[in-house]
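Engineer: Next up is a structure, given as structure tokens.
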Amino acid sequence: MLLSDIPALAPYIKLTHYVWPYTMEHQPGVCLGSEEQRCYSPQGKAVGGSSVVNDMIYSRGRPQDWDRIAADGNYGWSYDEILPYYKKSERCELRKYKNATYSGRDGELTVENVPFRTGLVEAFLAAGRLHGNPTIDYNAPDQLGFGYVQTTQNRGHRLSAAKAFLHPHKRRKNLHILTDAKVTKVVIEPQTKRAYAVEYLKNHIKHTARCRREIILAAGAVGSPQLLMLSGIGPKEKLEVLGIPVISDLRVGKSLYDHIAFPGIVFKLNSNNASLQELKVATLSNLMQWLQFGDGLMTTPGLVEAVGYIKTSHSDGKVPDVELLNLGGSIVSDNGGAFRKSLKISDKTYVTAFSGLHGCDTWSAIPILLHPKSKGCLELRDNDPFSHPKLYGNYFTDPQDMETMKEAIKYVIKLGESEPFKKYGAQLYLPSYPNCQSHGPGSDSYWDCAIRTMVVSLHHHVGTCKMGPPNDPEAIVDPELRVYGVDGLRVVDLSVLPHTISGHMTAPALMIGEKAADMIKKIWSNVVV
């Protein structure tokens, strides 16, 4: 057993060596409550990537997300065309929905509901119904509403991509898994522009691995663009400054979108045992319950119990623009421990704003901007592969994003003040943030300041190796994920998505892998090299 197997420990795992501790570049007026006033954006550093450290939420996005991608000239990426790949990897164990036509039943990845639930999740779902949001399977293609969280767990244990897809096959003779190694460059023949090898370091010694057919990058939305640029594929003017010979002049990293969230809406409850406080969860009896039966309080992933999708007045068409993460507690449930530390909220911010709630039962729902208009970028810091690249979020540079977030906050408050929460005596708590004390609590300017203080990245980066047709000047890969201008090189990860989707990223990442596998087999199955 590994500690990462325990869903309730998800926030703690983000504080370990299992993550790349990326931090966004400083942006004036944003992430003011974070350490160094920079939003934290960790990525998984393990076999299995971020599926080893994330909150295990399984969501596919809306059909319109994928139809929009296809409409931009990306053939093969409409919802109807990618649905078979979602189903292929899924083994649905959702009792109510496992026989749905859109669910998979024979895949390697188990998807199940969390076996333990507090009464707060029922209040959240009931409040949603009162305001016109039915309780649904939020992965159903034709429904919009609230639903119990669906997770990548197997009998209450985290099921990472490595455990689901690699472990059953790790002894195959044609599969070699190398750990504790760092790829530093894709080697490309400058005349023919064909990728033929990768260089990597292991135990401080440089090695070269050659390929016969093609090289597949799956280093994620931060690692893949960094590797491309270190290998000479990227904006010519930027690479030349760093002394990197240019192989293909592409706009790598020029497009970066992210999901951002606000964990600062907290309701104080007039109860003693309603929420998932750390002292209630972290007990020997709960651990034994989890070890023996795979259920109990230890199965709740990072406090998340339900998910809701809503459309604000700024939403386009049928696509929700806000997701609500319903928690069985709040940022104070562990008294300033791993939850807020995993977000890098500073000591000063937390103590000033939230320490008065220690020991109290609380409830929170976190609004997430699903389709922010603000666009960031990624650049190399230098030509050292061990340096973290520069990540510019440019959060709220489009003013509509701020208006959408404030509308979402008002909606959460409306839920918390509705009838289902009255049995808990729920009262909105307005934190006194260090830099917001000149604003009237609850005023529009207060929420503006609170958002700029407490906004966090969900590290759902996309777009840095954007997929697009040949006439798209920002495209890095074609609809079959092949890098433009270079033979024998493909990118297969979330960096290829042109924009955000209406959901979390594990399911889309695995779907992209399944779809790419078919593309690759189609080309090479009858070719002898």
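For all residues, glycine too, the Cβ spot is worked out from N, Cα and C.
TrEMBL does not curate its annotations; it predicts them automatically.
From TrEMBL, here are the annotated features:
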- His460: active site, proton donor (ACT_SITE)
- His504: active site, proton acceptor (ACT_SITE)
- Val183: FAD binding site (BINDING)
- 44-67: domain 'Glucose-methanol-choline oxidoreductase N-terminal' (DOMAIN)
- 220-234: domain 'Glucose-methanol-choline oxidoreductase N-terminal' (DOMAIN)
Engineer: Hey, which bits of the same chain come close to the domain 'Glucose-methanol-choline oxidoreductase N-terminal' (220-234), Cβ under 8 Å, at least six residues off its ends?
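Structural biologist: Answer is 20, 22, 43-44, 49-50, 183-188, 195, 244-253, 256, 378, 380, 383, 385, 389, 391, 461-465, 476, 483, 485-486, 491, 493-495.
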Engineer: For the residue listed as 'FAD binding site', which of the three DSSP-derived states applies: helix, strand, or coil?
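Structural biologist: Its secondary structure by DSSP: strand.
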Engineer: Which residues, sitting 6 or more apart from His460 (active site, proton donor) on the same chain, put a CB under 8 Å from its CB?
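Structural biologist: Asp258, His259, Leu494, Thr500, His504, Met505 - these are the non-local Cβ neighbours of His460 (active site, proton donor), listed in sequence order.
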Engineer: Ranking the recorded positions Val183, His504 by other Cβ atoms within 10 Å, which is at the bottom?
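Structural biologist: Least crowded of the recorded positions Val183, His504, by Cβ count within 10 Å, is Val183.
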Engineer: Which numbers of helix, strand and coil residues does DSSP report for the domain 'Glucose-methanol-choline oxidoreductase N-terminal' (220-234)?
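Structural biologist: Helix, strand, coil within the domain 'Glucose-methanol-choline oxidoreductase N-terminal' (220-234): 11 helix, 2 strand, 2 coil.
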Engineer: How does the domain 'Glucose-methanol-choline oxidoreductase N-terminal' (44-67) divide up by DSSP, counting helix, then strand, then coil residues?
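Structural biologist: The domain 'Glucose-methanol-choline oxidoreductase N-terminal' (44-67) comes out at 9 helix, 2 strand, 13 coil.
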